[in-house]
């Protein structure tokens with residue numbers, strides 16, 4: 001469908017080229033604004049390819065639409081042309097005192113925020129936009145005041161006040177759930193370490209199964225699960241006690257949540273290995289089918305955890321450590 005739409009767009013551009021110059025310019029100009037408004041870079045690319053002079057349509061209005069509506073594909077296209085530095089300086093808001101940083105500091109439309117799940121990740125995306133514009137803007141823009149005597153950073157904080165509160169609520173709610181789960185795991189594996197399967201030898205006090213491979217697996221995985229679950233509790237507690245400043249949503253808080261999720265997942269996996277090893281020691285009788293059955297059953301909770309929590313973990317890692325939404329060049333060359 002996308003390929004057919006691009007072909008139709010190319011055909012329409014060819015037909016418009018055959019019209020009178022004034023009429024063609026009018027159609028291309030209106031189409032440029034429409035493409036920027038709805039975030040469709042293919043429209044802009046095809047017009048520029050068909051009508052090279054259309055680069056003059058990459059003006060302040062198009063750049064403003066890209067920033068205000070958070071259309072990163074349009075922004076990246078403008079960066080490819082090398083005109084973004086000029087447009088950052090020239091673009092103004094409804095008030096002449098609003099520069100591009102004031103516009104970037106305003107809250108994105110709701111439908112653009114909902115592209116990512118969770119208020120914390122939405123706040124992180126908004127910070128990415130503000131930092132990206134700030135990177136190219138002259139330093140004086142950061143200290144410039146608008147008609148309300150607000151600098152761009154103050155505009156950002158005021159417009160995102162509710163989103164910051166929602167992000168804090170989401171992070172704390174998530175961290176509380178993980179803290180509870182990790183604390184329960186720590187309690188269980190600590191009790192398992194005290195009540196060793198098979199008991200101890202009456203004379204030496206050593207575990208009766210100390211020479212069995214399964215016991216060594218049990219001891220190692222149980223200890224590992226205990227350490228990882230306690231680490232997960234401490235990480236989640238650090239999230240609960242964080243200050244929740246706006247810049248913390250960019251890297252600090254997502255990083256802690258990533259490590260909390262990873263350590264919790266590893267502790268669940270280690271706990272299931274320890275439990276399966278203990279059952280095999282007591283009732284396995286060194287039979288392969290019992291070992292295979294226990295391994296399959298142990299994979300069930302680990303798999304369920306992965307299915308339900310892995311998408312969130314992937315999204316967190318990609319948004320925090322990934323290539324980001326900026327700097328991605330189009331596969332369709334503009335000639």
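Glycine residues also receive a Cβ, built from the backbone N, Cα and C atoms like all the rest.
Note that TrEMBL annotation is computational and uncurated.
It should be emphasised that the depicted structure is a prediction, and the values quoted were computed from it without experimental measurement.
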Residues flagged as transmembrane segment in TrEMBL, choosing from 149-168, 289-308 = 289-308
Report the DSSP secondary-structure composition of the domain 'PGG' (168-281) as helix, strand and coil residue counts.
-> 89 helix, 2 strand, 23 coil
For the domain 'PGG' (168-281), the averaged pLDDT of the predicted model is 89
Given the transmembrane segment (223-245), its same-chain partners at Cβ distance under 8 Å and 6+ residues beyond its ends are 164, 167-168, 171-172, 175-176, 178-179, 182-183, 185-186, 189-190, 193, 252-253, 256-257, 259-260, 263-264, 266-268, 270-271, 274
Outside the transmembrane segment (289-308), at least 6 residues beyond either end, the same-chain residues with a Cβ under 8 Å of its Cβ set are 265, 268-269, 272-273, 275-276, 279-280, 283
May I ask for the residues of the chain that lie six or more residues beyond the transmembrane segment (257-283) and have a Cβ under 8 Å from a Cβ within it?
-> 120, 171, 174-175, 178, 181-182, 185-186, 188-189, 192, 197-198, 209, 212, 214-215, 217-218, 221-222, 224-226, 228-229, 231-232, 235-236, 239, 290-291, 294-295, 297-299, 301-302, 305-306, 309, 312-313, 316-317, 320
